[in-house]
Amino acid sequence: MGCKVLVVDLDGTLTLSRNTYELSVEALLALRRARDAGIRVVLATANGLDFALTVARYLGVRDVIAENGCLVHIDGETHELCSGDMSEVDRAVLATGAVAPSHQNKCRRFDLAYVPLVENAVERVKAAVRPGYVVDSSGYAIHVRPAGADKGAAVRWLCERLGVSCGWVAAVGDSDVDAGMLATAWGIAVGNATEAAKRAARAVVRGPSGLGFKEAVDLILSGGACAP
């Protein structure tokens, strides 16, 4: 018996590298191999739900974790794992002058994304945000969301929903915002992952980003990953 579910990050994991948005052909072929083997694939991303669902459609994936775990779309239904109004937080963050809003914020519900304009943008945003919210970086953007929400919490929710032990779920990622799901599931970090992601994972493959994801799928299909 092997992995039943594969949760995979998008940016930096299915892409050619951590500083491009171009998808890796090797990663796409590996994703197809996992699907063909009967593994349920879930796309887990910091991106907004509409964007994530669009990308997932072209990947042949139905289930999505979006906004860093604030939203889960499974079996055609969307579930909110967060609550609250982010407008006041958004105003406080923009008032720092350290970031610019992501174009996706118009359609994001709970996890807001920002483009850093200065080197210490993360620190300045943290200082501006009141307790009860998390500020972190995916390497592509700075994210602010309600405390307690992350990809790890979403994976735990997903496991309960599917009736599957988290030990039978593999997760592959590259960044700090992936650390939660890498620790919750049978985590695999790609070779160029952040130190936080590597520490959280059960295994670290050698290849970077998309090539690393291919190695991760090889490991999964060979029976080298997942345990109850």
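Each residue, glycine too, has its Cβ placed from N, Cα and C.
As recorded in Swiss-Prot:
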BINDING   ASP9, ASP11, ASP174, ASP178  Mg(2+) binding site
ACT_SITE  ASP9  active site, nucleophile
BINDING   LYS151  substrate binding site
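Across the structure, the residue listed as 'substrate binding site' and ASP9 (Mg(2+) binding site) place their CA atoms 10 angstrom apart. It is ASP11, among the binding-site residues ASP11, ASP178, whose Cβ has the fewest other Cβ atoms within 10 Å in the structure shown. Report note: the Mg(2+) site is defined by ASP9, ASP11, ASP174, ASP178, and the residues of the same chain whose CB lies within 8 Å of the CB centroid of those residues, excluding them, are LEU10, GLY12, THR13, THR45, SER138, GLY139, GLY173, SER175, VAL177, VAL190, ALA193, ALA197. Same-chain residues at least 6 positions away in sequence with a Cβ under 8 Å from that of ASP174 (Mg(2+) binding site) are, in sequence order, ASP9, ASP11, GLY12, THR13, ARG18, GLY139, ALA189, VAL190, ASN192, ALA193, THR194, ALA197, SER209, GLY212. A 10 Å cutoff on Cβ-Cβ distances gives LYS151 (substrate binding site) a total of 30 other Cβ atoms nearby, all chains included.
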